[in-house]
Amino acid sequence: MSVINLLDLDLSSKRVLIRQDLNVSISNWIVTSDKRIKASLPTIKIALKQGAKVMLMSHRGRPIEGEPSDEFSLQPVADRLSELLNTTVRLEKDWLNGVQMNNGEVVLCENVRFNAGEMANDDNLSKRMALMCDIFVMDAFGTAHRAQASTHGVAKYAPIACSGPLLSGELDALGKVLDNPKRPMVAIVGGSKVSTKLTVLESLSKIVDQLVVGGGIANTFIAAQGFNVGKSLCEHDLIPMAKKLMEDCEIPVPTDVVCGKEFSETAEAQTKASTEVSDDDMIFDIGPESIKQLAKIMENAGTIVWNGPVGVFEFEQFASGTKTLGKAIAESDAFSIAGGGDTLAAVDKYGIEDKINYISTGGGAFLEFLEGKILPAVEILEQRASGVDFA
């Protein structure tokens, strides 16, 4: 990746506009999870230390575009930033005409999606954002797969467009995994449907040594082996695709599973061989023998990419597979990277964050990178670094 890096620039007295991912959960006007906010702090501190005028922008939630509302306001984020930075971070509601501020100050611009044209990457809106700054910093990997005004358009027209430390670190870690992985390379792809992860499965099958499937996805592969999956979530129309993937790549399909009769927290768990699932069963986790097999694979791996749980880990009786898998990844000597919302929830739940080498902040962006797709927000930074002029 050849882009301009924030760390290489003189920020003194400059107007620095930083696009961050501050899309956090909020309840009763209080931030309930501040991980993304804390992840943004080093970049902010770098700019403040150099005496820049620091403007932050982010989206939050899915408001009706162009219609400001308290429900999706970033005010609670500004409050939490003020606490973490030990300085006042004011929320700027009317910011498109420029922000009056002093060197060494930081303001948070209200939700970018309150501006009509944000999602459509409107050129006029992008130019107005660009006029606000001397330097635009893209530091939100989680939105890098979206070509929107605050992630892409502004980078076309800002005097300087660069990558922040968070984005650079993310791309470096993912590049390490995909470009020159230590072998054997193992990928775990979980989730409910093959159809939503089909491109990822196809892309990874070409580069990994073993492809582990979990969750509802695994049911389609079990069915592809000719076994009954009962009432389990299964995409029978994709069985031919599952068979092809198994021909192209080593895919250890579960040999035993944990079933229930209904999807509920109180459902009774029954462990069965994959060959013995009855018509009224629903598969919710992998069984103990399959867990042992996966733990051994993790132990011997050189590189691990983890995207998605292997069972319904929200219900304790169906959580053993994901719990044991997570701990096996944590204990492995392999270089490990985890990404995706459900995956990160599992990492949190089992307290293994410090033992995963890299935790990706992106959901959709993480998947699209694994698919080999070009991320628009990164591509525009590369174009600007190479001298392409959009003015």
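Placement of Cβ uses the backbone N, Cα and C atoms for every residue, glycine included.
Summarising the annotation, Swiss-Prot assigns substrate binding site to ASP21, LEU22, ASN23, ARG36, HIS59, ARG60, GLY61, ARG62, ARG113, ARG146. Feature annotation from Swiss-Prot assigns ATP binding site to LYS197, GLU314, GLY340, GLY341, ASP342, THR343; the stated evidence is sequence analysis.
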Query: Highest CB neighbour count within 10 A among the binding-site residues ASP21, GLU314, ASP342?
result: ASP21
Query: How long is the line from the C-alpha of ASN23 (substrate binding site) to the C-alpha of GLY341 (ATP binding site), rounded to the nearest angstrom?
result: 13
GLY340 (ATP binding site): tally of other CB atoms within 10 A of its CB: 23
- request: Might you list, by sequence position, any residue in that chain lying six or more from THR343 (ATP binding site) with a Cβ less than 8 Å away from its Cβ?
  value: GLY190, TRP306, ASN307, GLY308, PRO309
Field: Long-range Cβ environment of LYS197 (ATP binding site), under 8 Å and at least 6 residues apart
entry: VAL189, GLY191, ILE217, ASN307, GLY308, LEU367
- prompt: In whole Å, how far is ASP342 (ATP binding site) from ARG113 (substrate binding site) when you measure between their Cα atoms?
  reply: 25
Message: In whole Å, how far does the CA atom of GLY340 (ATP binding site) lie from that of ASP21 (substrate binding site)?
response: 15
Query: Sorted by position, what residues of the same chain at least six away from GLY61 (substrate binding site) have a C-beta under 8 A from it?
result: ASN23, GLU71, PHE72, ASN111, ARG113
Query: Which residues, sitting 6 or more apart from GLY341 (ATP binding site) on the same chain, put a CB under 8 Å from its CB?
result: GLY363
Message: Suppose we draw a 10 Å sphere around the Cβ of ASN23 (substrate binding site). How many other Cβ atoms does it contain, all chains included?
response: 20
